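For reference, the structure discussed in these notes is given below.
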Amino acid sequence: MAACGGCRFFVLTLRTLCGTSRSASLCTLPSATHRTFSTSVGTYSLDPLPSGSRKTPAPVAKPERISPSSGGVQRNLSAVAVPLQGQFRPLCRYDPLDLGDVEENTQKALACKHLRQFIVDPSLARIVTDHLAGDIDDGKAVIFECNPGPGVLTRALLNRGAQRVVALESDTNFLPDLKDLERKLDGQLDVVHCDFFKLDPLGHGSMKPPVMYSEKLFSELAISEVPWTADVPVKIVGIFSQRNEKNILWKLIYNLFERRSIFHYGRVELIMFISQKEYAKLVTRPRDYRNYQAFSVLWQMACDIELLHEVRLFIIIYGSLLPLSRNNLSYQSDKLCLVRITPREDLFNSHLTPLNGSTLVLMVKQCLAKRKSRLIEQINSWSPGSGSELISKLSFLDDTMTGDVYPDEFKRLFELMEQSGNFTQSWLYEEMLETTNTGHA
């Protein structure tokens with residue numbers, strides 16, 4: 001078992017109960033044993049699926065499906081069209097892949113070298129795929145799974161009928177089993193040694209896996225760029241690392257407004273588990289002066305954000321150098337939110353483009369640095385005398401504070417500034433310097 005400093009954290013996503021016909025009474029999971037590791041824990045009952053969620057249609061046998069990839073080899077996914085040859089096995093809903101059980105999957109997850117979170121309970125994996133049912137049946141998008149680890153969700157996606165799943169795994173300990181599964185299937189699964197959260201580093205030159213450039217990844221997968229207004233080409237599923245969750249979200253929002261990295265290829269959708277703390281910031285509304293931040297404005301401006309599911313999990317903490325016992329084993333409870341984040345089709349227009357998207361980001365950051373400052377004063381600091389005119393066009397009062405302004409109103413303000421011709425880029429320089437010195441706010 002690999003050590004990680006003086007202690008090591010291992011996160012188990014535990015069995016959840018959903019308000020459907022499959023729900024059972026609250027129960028206790030079987031003991032998970034690994035040499036000196038032995039524990040039993042309880043489960044938590046969760047709210048039922050929201051009424052607006054996509055419904056899972058009854059499975060219907062389809063004669064043939066092909067990969068939506070552009071320029072690549074078409075992959076036959078039919079259980080009828082091609083007979084089994086050698087070790088290859090076309091996907092069939094009536095011959096499902098084994099998802100294992102919690103104990104078995106936990107043992108596999110313990111091979112991880114680093115602090116990671118995994119779905120080890122098949123019932124939770126099925127809940128996730130239930131929320132993806134409409135996307136899977138639509139079949140137009142490739143599904144990227146971030147750090148699948150033991151591959152429980154990977155198999156659940158394939159069982160549900162996903163036409164093409166790309167497993168982006170950063171830990172070499174999990175690659176052999178995933179590669180073995182890839183070989184046994186008939187083209188539904190691609191396994192890539194890649195860390196999604198380290199895509200497109202700031203440096204240049206050749207990179208060794210798991211670090212990778214998105215251009216290389218998408219090229220090797222034969223996924224081409226599509227117009228921003230086209231259908232979503234890729235859906236990314238996984239769990240954000242809580243160690244640097246906010247930094248990752250900041251990196252993604254910059255890339256989105258500039259149409260760089262994964263967003264160069266279209267409106268890539270995120271269906272991710274995120275901490276309850278960061279989710280609350282994502283959806284905070286104006287006049288909550290403590291929590292309403294540039295972070296909130298930018299994500300709400302750029303994307304539709306939908307809460308799909310909440311799951312309670314245990315963080316199991318133990319000393320890595322000592323045999324485990326009741327004296328050095330402890331539990332912490334936490335909650336993750338499964339969130340669908342879909343970039344808006346109408347985000348860009350003649351005034352907001354990928355060329356000036358980063359300017360908008362920095363404008364919002366400046367405005368929200370002091371949420372109880374008057375918006376008119378902030379505008380006048382950029383272009384003296386322009387505040388009253390723009391405030392009037394926005395139908396705001398002179399005492400409107402920056403923390404009172406909604407995301408779409410910030411976007412409208414930026415568009416008016418672009419049209420006016422009175423604003424130079426000089427207001428941007430100080431903010432760029434501050435960002436360089438202190439990092440993202």
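Every residue, even glycine, has its Cβ placed from backbone N, Cα and C.
What TrEMBL records for this protein:
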type	residues	note
BINDING	ILE119, GLU169, ASP195	S-adenosyl-L-methionine binding site
DOMAIN	124-328	domain 'Ribosomal RNA adenine methylase transferase N-terminal'
REGION	48-72	region 'Disordered'
SIGNAL	1-23	signal peptide
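Among ILE119, GLU169, ASP195, the residues given in the record as binding S-adenosyl-L-methionine, the maximal Cα to Cα distance rounds to 17 Å. Mean pLDDT across the domain 'Ribosomal RNA adenine methylase transferase N-terminal' (124-328) comes to 90 in this model. Listed binding-site residues: GLU169, ASP195; maximum Cβ neighbour count within 10 Å falls on GLU169. In the shown protein chains, 29 other C-beta atoms lie within 10 A of the C-beta of ILE119 (S-adenosyl-L-methionine binding site).
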